[in-house]
Amino acid sequence: MANENHGSPREGASLLSHSPGTSSQSQPCSPKPVRLVQDLPEELVHAGWEKCWSRRESRPYYFNRFTNQSLWEMPVLGQHDVLSDPLGLNATPLPQDSSLVETPPVENKSRKRQLSEEQPSGNGVKKPKIEIPVTPTSQSVPSSPSIPGTPTLKIWGSSTEDKQAALLRPTEVYWDLDIQTNAVIKHRGPSEVLPPHPDVELLRSQLILKLRQHYRELCQQREGIEPPRESFNRWMLERKVVDKGCDPLLPSNCEPVVSPSMFREIMNDIPIRLSRIKFREEAKRLLFKYAEAARRLIESRSASPDSRKVVKWNVEDTFSWLRKEHSASKEDYMDRLEHLRRQCGPHVSAAAKDSVEGICSKIYHISLEYVKRIREKHLAVLKENNIPEEVEASELEPRLVYCYPVRLAVSAPPMPSVEMHVENSVVCIRYKGEMVKVSRSYFSKLWLLYRYSCVDDSAFERFLPRVWCLLRRYQMMFGVGLYEGTGLQGSLPVHVFETLHRLFGVSFECFASPLNCYFRQYCSAFPDTDGYFGSRGPCLDFTPLSGSFEANPPFCEELMDAMVSHFEKLLESSAEPLSFIVFIPEWREPPTPALTRMEQSRFKRHQLVLPAFEHEYRSGSQHICKKEEMHYKAVHNTAVLFLQNGPGFAKWGPTPERLQELTAAYKQSGRSHGSSSSSSSSSSSSEAKDRDSGREQGPSREPHPT
């Protein structure tokens, strides 16, 4: 994918006829604008504004005879007064990167009346090789107050085709959907999961928020701690590895009931969470708090007399040492803390074990009840529309095909109306008061994926409701907090994907989503919402016979371990070229089972290590985050492992030349696509945010403070 695909399209275009004094002889093809009764404020008239009528659009617009500017909405005078500042020297400066600009540089941000809305303009952005379909216009426009400078809420079907074309023209491209797949599978039948519906998704999101709140309250009330960061998200990932239930998100049929992931992360934070320490006073305070929390816990729980004696003696010894040692260094305090943890940790964990298991069990059983409620709601929606919940499976012809998106066996019910409006470069989609947001560029990406993959909605009547369900699903899966869950959805930089495709034939992502995928063929967590946008289903259910794949799994230990088992089984059973290039954290203290198994696998052809802070990931919130927050530095080493069978190694082997080019691709920072006008101060603050965000990738593996 060429680098110019990351640029922004040209949007400036003047009207054919502006000034009422323009001679008809000089521009014979340009009709004169029809003037309306001028009911404008005196300030606007003095500034050169007048009200005209658009014959083509059959509505009024506002034209400035001094600047040749045209607006659909009534202008509001801002910083740039054309009389006192005709050149706009005092106006708000535009960023040098025009891809950030969607509105004129005035405070009201009124939408320009441009020919770019009415006809395609030449630009360097990769355009789809398909025509934009004419969408139905029978749906009504919901009533909404019209605020000056803000587009009115509209239903997708009520917009004209030209305006849709302008909306669907991306300004930033971080994908290449033209690459065809080389992944071959056996022909498979449709999935039995129920099709998504906004009412069902709304109920599911409400119940997940309640479940998160239950988890927080249980941790606070029973253990006196805040929930470990991202532990609920990793609990859902770990549970879905073993879950045999019917819900695509919440677990309902798991063995064992107590989640190893949730249990491990809560126990790591008992009696208190140990954070990274930079200063001596912090180390002293942490040692005191740990000793106090350990004594309080052992006194309030049922524990053996020996355990109580050991903990209390070590705590008193620590307090005595703190009273005597006034000149201790940070290292002295940390050594003392490590000694206290070794002495008291096993006894504290034994005393808290039953309580923590109770938290895990309680959350699972609440989830089970919620799944029943969601299922009842879903079946009621199908019954209301006379759609059977079970469809008789037809016989499949045993043949090999290139992989294709997931199809659903159950027919989709009619979709309710969903509201959409655009705020600057963000598309806002609202259903029953619940709003989700996505940038215009990623909205256009979803449109393309839907156009390529969906087979039951050629008129795009269900596009917006399905986008709302998709965005709401991922929002609920990773939480609504700032930067929450973004590390679990991080992806590789564009330069790396380009290199993987060019050198190793990679055309498929094993762990992605419609929002962060680079290729149009990928596996994702949710076949019901994502199948309409190109997903081939969950990776652990996907069984290719040949092809070259990239795998960057969410950093959940149980999921990564299951991934290794799945890949080795596929490599063992296939005689066709098969290759998996896996990117996982190089956690060594202790090493993860997945990393250890891949290093010892007979299919490992090479292992590459990318040093911490010398390579980047793309944010999991790339579909909505600011441009300067799109990339962040990894705070841990990343191990790149090549798992290939014999034919795959012969075809896509990691030769020294290929490895050198792959390493060089990581040196091309994705930040170079950002605005070059950013100041050094904003860059440094952005880097700090990036590092904080990067820590989300492995909080369960954070080293103990040193």
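Each residue, glycine too, has its Cβ placed from N, Cα and C.
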By the record in Swiss-Prot, which of S19, S30, S144 is the one labelled phosphoserine? S30
Which of E292, E557, E614, E616 shares the substrate site with R234, R264, W587, R588, E589, P590, P591 per Swiss-Prot? E557
Site with most surrounding Cβ atoms, counting all protein chains shown within 10 Å, from the binding-site residues E557, E589: E557
CB neighbours within 10 A of W587 (substrate binding site), counting all protein chains shown, number 20
Over the residue list R234, R264, E557, W587, R588, E589, P590, P591, recorded for substrate, what is the maximum interresidue Cα distance in Å? 20
Helix, strand or coil: which one is R264 (substrate binding site) in, per DSSP? helix
Structural state of R234 (substrate binding site), classified by DSSP into three states: helix
Among R234, R264 [binding-site residues], residue with fewest other Cβ within 10 Å: R264
I'd like to know which of these binding-site residues, P590, P591, is least surrounded, judged by other CB atoms within 10 A. P590
